[in-house]
Amino acid sequence: MASLVSRNANRLRHLQRCFHSPARLASPSPQLPGRSPPPLHSIEPLGRGVRNLKMCQRYCYLSTSAAAANAGNSDPKTGTEAHSSGEGKSEDSGQSSEAGKPVRGGPVSWISFLFLVATGAGLIFYYDREKKRHIEEINNSSKAVKEGPSAGKAAIGGPFSLVNDEGQCVTEKSFLGKWTLIYFGFTHCPDICPDELLKLAAAVDKIKEKAGIEIAPVFISVDPERDTVEQVHEYVKEFHPNLIGLTGTPDEIKKVARSYRVYYMKTDEEDSDYLVDHSIVMYLMGPDMNFVKFFGKNNDVNTLTDGIVSEIKRYKK
């Protein structure tokens with residue numbers, strides 16, 4: 001009995017070694033000669049162990065086959081190495097793609113710098129030339145205005161029909177072929193009109209002496225209600241024997257004053273003693289009775305004489 005128990009214990013230890021070392025299970029241990037096999041109830045655990053051993057061998061075989069298949073299909077590098085290798089490849093491909101492109105230069109090259117300098121010089125030259133041209137145009141226009149006839153030539157003067165101090169009807173055509181100097185006033189003027197008419201008469205005589213030019217002096221009344229033909233005749237002869245006095249109806253005076261741009265207005269006074277406010281201007285008309293230049297109250301005899309002579313000489317050129 002003791003020997004049976006000892007044999008069973010040995011068998012169990014052998015089975016345990018077989019589970020821990022599967023290689024030993026491949027060759028079962030030989031039976032001792034002269035000994036009978038163990039009973040059935042003691043062999044049943046051995047059958048279970050064998051089945052378990054076969055299952056372990058099958059699992060080890062499948063695991064080994066799967067590992068071999070994975071080793072044949074995959075790179076021996078690890079995942080981290082593969083990832084880093086992928087990054088390296090992408091970087092290499094990026095570098096190769098960038099290497100295929102032309103390398104751009106700096107923000108400003110020599111060619112662009114020279115082009116910029118040439119453009120700036122061209123703009124400066126163009127601006128300077130346009131500036132000089134504009135200044136020349138201004139100077140030329142100024143000279144043309146100074147040397148040519150006075151502005152407003154076509155706007156001043158026009159046809160008229162009045163009566164002279166001899167009672168004869170005259171028009172603008174009566175003065176064609178003569179240089180004419182016209183002044184607008186009235187015979188009851190206290191001081192301004194006499195002063196201007198004296199200056200006009202002195203200039204006419206001086207122009208004749210200095211340049212030998214005949215000037216026809218003309219006085220046109222802006223007070224038709226009081227300045228009759230007789231009144232005008234007596235008035236003009238006090239200043240110069242050649243001074244021609246003209247008067248007319250209120251409508252005729254209004255028309256000629258409008259054509260010569262002359263302002264006049266009767267002031268409010270009692271009875272028949274009133275004054276007439278009017279423009280203080282002398283108009284120089286050419287031989288064709290076209291306007292040449294006007295002279296204001298600020299001119300004295302000398303400047304009036306020189307101005308008229310200068311305009312006549314320029315007109316003849």
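Including glycine, each Cβ sits where the backbone N, Cα and C put it.
Unlike curated records, TrEMBL annotations are generated automatically.
Lifted from TrEMBL, the feature list:
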type	residues	note
REGION	20-46	region 'Disordered'
REGION	69-103	region 'Disordered'
COMPBIAS	78-92	compositional bias 'Basic and acidic residues'
TRANSMEM	108-127	transmembrane segment
DISULFID	Cys189-Cys193	disulfide bond
BINDING	Cys189, Cys193, His278	Cu cation binding site
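Taking the features listed in TrEMBL, we show where each one sits on the structure.
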residue : record                 : Cβ contacts under 8 Å, 6 or more apart
Cys189  : disulfide bond         : Leu275, Val276
Cys193  : disulfide bond         : Tyr183, Gly185, Phe186, Thr187
His278  : Cu cation binding site : Phe184, Gly185, Phe186, Val222, Val262, Tyr263, Tyr264, Met265
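Residues Phe184, Gly185, Phe186, Ile192, Glu196, Val222, Val276, Ile280 surround the recorded Cu cation site, their Cβ atoms falling within 8 Å of the Cβ centroid of Cys189, Cys193, His278, which are themselves excluded.
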